[in-house]
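Residues or ranges marked as transmembrane segment in TrEMBL: 176-200, 212-237, 257-279, 285-307, 418-436, 442-464, 471-499. Taken from TrEMBL, the feature domain 'STAS' covers 527-650.
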Amino acid sequence: MGGTSNRVEDFSHVINLEPTLPTLDSNIPPFEIHKVPLPPNKTTFQSLKQRLSEVFFPDDPLHQFKGQTCFRKIVLAIQYLFPIFQWGPDYSLNLLKSDVISGLTIASLAIPQGISYAKLANLPPIIGLYSSFVPPLVYAVLGSSRDLAVGPVSIASLVMGSMLREMVSPSKDPMLYLQLAFTSTFFAGVFQASLGLLRLGFIVDFLSKPTLIGFMSGAAIIVSLQQLKGLLGIVHFTTKMGLIPVMISAIKRENEWAWQTILMGLCFLAFLLIARHISLRNPKLFWVSAAAPLTSVVLSTFIVFIFKAQAHGIQIIGHLQKGLNPPSVNMLFFSGPYLALAVKTGLITGILSLTEGIAVGRTFASLKNYQVDGNKEMMAIGLMNMAGSCTSCYVTTGSFSRSAVNYNAGSRTAVSNIVMASTVLITLLFLMPLFYYTPNVILAAIIITAVFGLIDIGALVCLWRVDKLDFLACLGALVGVLFLSVSTGLSIAVGISLFKILMHVTRPNTVILGNVPGTASYRDMGQYREAQRVPALLIIRVESPIYFANSTYLHERILRWVREEEDRAQAMKENSIKCIVLDMAAVTSIDTSGMEALLELKKILEKRSIQLVMANPVGGVTEKLHRSKAIETLGSSCLYMTVGEAVASVSSEFKEKV
């Protein structure tokens, strides 16, 4: 608070801070103190209805039903629940042509990725193809995004695989592991659909973007390192997910390294990375990276078949069952010792997949200038996973890589998902024997390439430059995933996000305001160096609601401001403080604890002969102050419409006393 004093030199300047507005009546004085009115009176039911509407229905989803006939309301309701009926009647051959091209393009990426991600989740490869068939069909009917390409994703696959493997071995007890995967998927779907039905999507927002960047970057690194098993041809590899155990296991198993596998893996990995780089440099060549995975599978399978490479140490996928998704309702369980594990895994993978799916959908919707309903998306993704759990599928959502390819390929509607699912159907029925000789090393290379884009170095640098606390949150999640475990890293990410919220809630910002010369504006003196102090006044802006979580802190912080300002005034030999003006413009609400803190603050200031007034109170705060009778203690003249009026009025009183 020390340093050069910026202050208004005399009260006459203060009194004329409010500009004189031109009026038709010259008898109206140039300055007038306006009364702060109460908002319109509302019943308890009306207030509760408005509050709940703001929390759960901020987008007013029922506005389209107003003023419509009964029949029209039924049609609108069907279109709202099933968006396919909204755009379906206007579908044309031109749209179909675009969707067929984009659907076939993403199918070429979805098939090898589906097989790869299933192995990442420690599931049979065929489960990845099953999960690329049924869920896209369900989403095409229920989803509101035109560009979202649905299927298995790397992060959800990794988290599910790591969490389930902690208690059940996929190799020793594969049937139980499969049951857990399907049951976890069911609970993930129930959780996701419930969030959408109850319109609780804001819960997902508790995962801040910085923590997600750190978590996904760490998970991408772990996913890549886990692929050393396939890339080096190691047979016995650690089941742990930490950075150190994975590296130790890779080094200790040096005797299992197969040079043939390493050579093939590095060649195809370089091919995939070059294809990705070409597409990034020239978006018109998106098809290069989209076709690269399937091309790699075809070429590597042909090489293994021609040269009998499986006899020389290159591991292959082997037999994959032909046919449609078998029903798996009988494999779901809702009791027993592993139920808690299934529920926990379902909740965590459900949150992650939901966050990714909605973020991807909104990203591409903004590029095409249309809106995606978050709650409808939650219900669509949830019902999609519930249906998938009953048809031998595991957790699916919108994939960023496949959605980007879908967007660049010119998709127009969700029919592209239907085309992709149809292509997968043909593969399941007729082409499965072709994958027999596909080497595992190719799947490892595909996974590494797919997750490579999740490591966002640019975002880390930006976080460091913009917000050090966000960078620490990101770093905490990254370190947790790398050195502890994926689930622990996610817990750290959630914990850091909640800690940030608590910090902002319990320690809100307060600033000292000064008058900008020549204007009626009062601004933060730390930001506006030209702002001047008003003699004998201390203007403080509170930038947060005042309630039980922060009322004590604000009470103590304001008194500290007073003490520091008095010390500064004494050192500068200026007038002592006579009044505190609280700018309440940013105080959106106040509770009983907050009002008690204001009353206690007034008592303390009165003992020190300091007046307390408030400016810019919002309607809700004004209403509560009157209803609680706190205004009687604070004084009916303590409320002002603007800081300028408060300063002018109080300064005028001081001048009269002088």
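Even glycines carry a Cβ here, placed using N, Cα and C.
With a cut-off of 8 Å on Cβ pairs spaced 6 or more residues apart, the transmembrane segment (442-464) and the transmembrane segment (471-499) reach 3 or more such pairs and are scored as touching. Within the model, the domain 'STAS' (527-650) shows a mean pLDDT value of 89, rounded to a whole number. Ranked by the number of CB pairs under 8 Å to the transmembrane segment (471-499), the listed stretches 176-200, 212-237, 257-279, 418-436 are led by 212-237.
A Cβ distance under 8 Å defines the sequence-distant neighbours of the transmembrane segment (257-279), meaning residues of its chain 6+ beyond its ends; these are 230-234, 285-293, 296, 299-300, 303, 309, 312-315, 439, 441-442, 444-446, 448-449, 452-453. Proximity of distant same-chain residues to the transmembrane segment (176-200), defined by a Cβ-Cβ separation under 8 Å and at least 6 residues beyond the stretch ends, is recorded for 56-57, 121-124, 127, 160, 164-165, 168-170, 328, 331-334, 338-339, 341-343, 345-347, 349-351, 353-354, 374-390, 392-395. DSSP labels the residues of the domain 'STAS' (527-650) in these numbers: 62 helix, 22 strand, 40 coil. Below 8 angstroms of C-beta separation, residues 99-100, 102-104, 106-107, 110-111, 114-115, 125-126, 129-130, 132-134, 136-137, 140, 149, 297, 301, 316-325 of the same chain, each at least six residues beyond the ends of the transmembrane segment (418-436), sit close to that stretch.
Taking Cβ pairs closer than 8 Å, the transmembrane segment (212-237) reaches residues 120, 154-155, 158-159, 243, 246-247, 249-250, 253, 256-258, 260-262, 265-266, 269, 313-315, 355, 440-441, 443-445, 447-448, 451-452, 454-456, 459-460, 463, 473-482, 486, 489-490, 493 in its own chain, all 6 or more past its ends.
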